[in-house]
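Per Swiss-Prot, the features are as follows:
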- Gly335, Gly336, Asn337, Ala338, Gly339, Gly340, Lys341, Thr342: ATP binding site (BINDING)
- 694-769: domain 'Smr' (DOMAIN)
Amino acid sequence: MEPRSLQLLEFPKVLNVLSGHCVSTSGAEACLALSPMDDAGSINSTAQFFRQGQNFVKETGFRLGTFPPLEGLFQYLVKPNNVLDADALYALVQTLGQARTLKEALEIAEKREWDTILEFLEGVSWPEKTFSGLKRCLDQDGNIKDESSPELYDIRQSIRSLHQRCSKKVRDFIHGEDISRFLQDDFMTITNDRYVLPLKTNFKGRLQGIVHDYSNTGETCYFEPMFLVELNNSMQELKQQERTEELKILTYLTGLVRSEYDQCEAAYGFLVEYDVLQAKINFADAVKAVAVDVQSGAGFDLRGARHPLLASAVGGVNPLNIELPTDQKVLIVSGGNAGGKTVCLKTVGLLSAMAFSGIPVPVEKGSVLPLFKEIFVIMGDEQSLEENVSTFSAQIQSISRIWDSMDSSTLFILDEFGSGTDPAQGAALAQAVVDGLLENGVTCFAATHFPALKTYALVTEGVRAASVLFDPSTKKPLFSLAYDQVGASIALDVAREHGFPESLLAKAEQYLLMEGSDSGSVMNRLNELAVSREKELEEMDRIKAKLESKRAKLEEKFERERLTVLADVKKQAQSVLKEWQDGKIGRKQALKKLSEARSTIGGDEKPKSDVKPFSFDDIKVGKPILNISWNRKGVVIEKDERKKRVKVDMDGVAMWIPADQLGPVGKKAVQEKVRQVTEKADKKAPKGEMTLKIDLRGKRADVAISELDRFFDQALLRGATELEIVHGRGTGALRREVHIFLDDNPAVAGYSLAPEDRGGDGMTEVELV
């Protein structure tokens, strides 16, 4: 996108704020390099990565610590003979250690099914050989370990042994010669890999030896006694051997890094990328931002939008609801000076650029943005005295420069175009520009003070008007938008607010009256109505949110209580069944307890109803009815003349119900119920569906009995009195297993094979307690 337009929107300032949340300089540089993407898939994938990253941090509390920049290290390795020193290798192993810790923490993504984090992890191939080698050779302070090689171990052992010999000789010399008064300090030090004594300068001629150096003050000289010369020569040889061996080890470790260069660089990039993600999460917390998905061809629907650079300021900023449906391409904003028009336009452009760059934006969840591949901005005073360019000329030049580049994939921000010339001609040019934008399908947000352009916004198809509101009593801006209306410029009120002389204001008002341009009273009234409407809408939204919250809580409470009751009844039924199977209670007592447990679901009282029950003769097959006890609608599918009962289909559940519990339903409900049952009759019911009729055909006996057991639990909880079990004829083995199950179940009052016309010995009808 055009850098100049992003600069006008203050996009670089947002990147600078974002980079301040990074823990590394490399992460900060990566933030500063972010730019808008033009592919909806990439933008939405980045948004999803952010949301899943938020969930990861919320669940684990993981925080990435600081780590050093390694770009220079990788650049240094490009030359084949360069060898990394211990400090560079230590920085690398520490960074790789952090990357491994992060990698292990992110592995929770597989269990949580965070797909974008899994993709993030899959992109890293771990430099195991390099990491292991560095851990083996470097200690926790970054020094090369003695155990890095046998040769180094032996050399350092010799150095330590020689050091002990030197120390003993020096102590014996000091005490034997009684020269402690000649020394500045009673210790031995090292200069140029040689052990020396800190001798007071005025005593240097009294002892035999070599002076190697002097202190800054000149009061101390570093003196090597003659008895240490041979030992020091040996020490220098050992130190040289140590340096040679250390160089071999560093060369070896550098070779490991080179052999896994790509993996090391990828692990570092992995850490930098997560640093950027963490910065986005922290930024979102600071300004209350969310990730926004973009939809090609969608309209603008930004709820509670706030300018990100103002969102964290003291006192915050009033949120804006920015709306532009798909059938409208241009929003023209009018209203008072210093009323927030420019802030509104900047907010639209800046939030769009942020969203396209994968940066969370300060809006409410559920906000939607269309996709744009280009954003052009004309805003502010662009005059140049050096180039002899006025404000108006600069605007004209800018539009001329970008005009041929704008199409349906362009977002155009236009602030007070034509304001630097004759109002009539400026308004005409502005209308012509908007006409051209509409023809090219360009989406535009514009601000104006021109009355002609305000009228144009109200009457032109594809264009929408909006006004920034002001307080009717104080004339101060409210920084909120009212749609489908225009606003007054209230220039005189703004002048009065800023201390403009009253005498001049009075004359200005007289001139307005003389010119017939004083439409202020009408516009003020429109503003009052708009403010009132916005308050009413806010109150309605508040009440709606409160009611929805209350409803959700009640539904949640009801569901908890329902599950508790069902679980309790099921537990009671299982307890009764176990008591009966253990022989602790008889069949009749078990049946009584099951009946009592089942009655707790619906209670003893039947719901009151004004519906008059049918007589048995009034009921016809196919007739819609109302189950008075349950207040549920159904359709009659069968009648039992002997028991004076009716089989009713209620939403796919078929059950036998006494005729005196059925009544008529309203005409509209009848038609709807007949339609539903007719549709269901045309469709084959899926096998295994847990209703009051179960089909066990084709199943192994153990599987069938397990399903039948669960089916019984459901039937008892629903309060069923009749069951139909389809087991088929076949060899009769499944039927025998079903009957054995029924014989052992205390909830069964009796059972028999169905009549031939309803399945015969292929189905068993069961009567429950």
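Residue numbering: from 1, along the chain as shown.
A Cβ is built for glycine as well, from the same backbone N, Cα and C atoms used for every other residue.
Of all the binding-site residues listed (Gly335, Gly336), Gly335 sits in the most crowded Cβ setting, with the most other Cβ atoms within 10 Å. Highest Cβ count within 10 Å among the binding-site residues Gly340, Lys341, Thr342: Lys341. In the predicted model, the domain 'Smr' (694-769) shows an average pLDDT of 83. DSSP assigns Gly335 (ATP binding site) to a strand in the three-state reduction. With DSSP classes pooled into helix, strand and coil, the tally for the domain 'Smr' (694-769) is 35 helix, 19 strand, 22 coil. DSSP assigns Gly340 (ATP binding site) to coil in the three-state reduction, outside any helix or strand.
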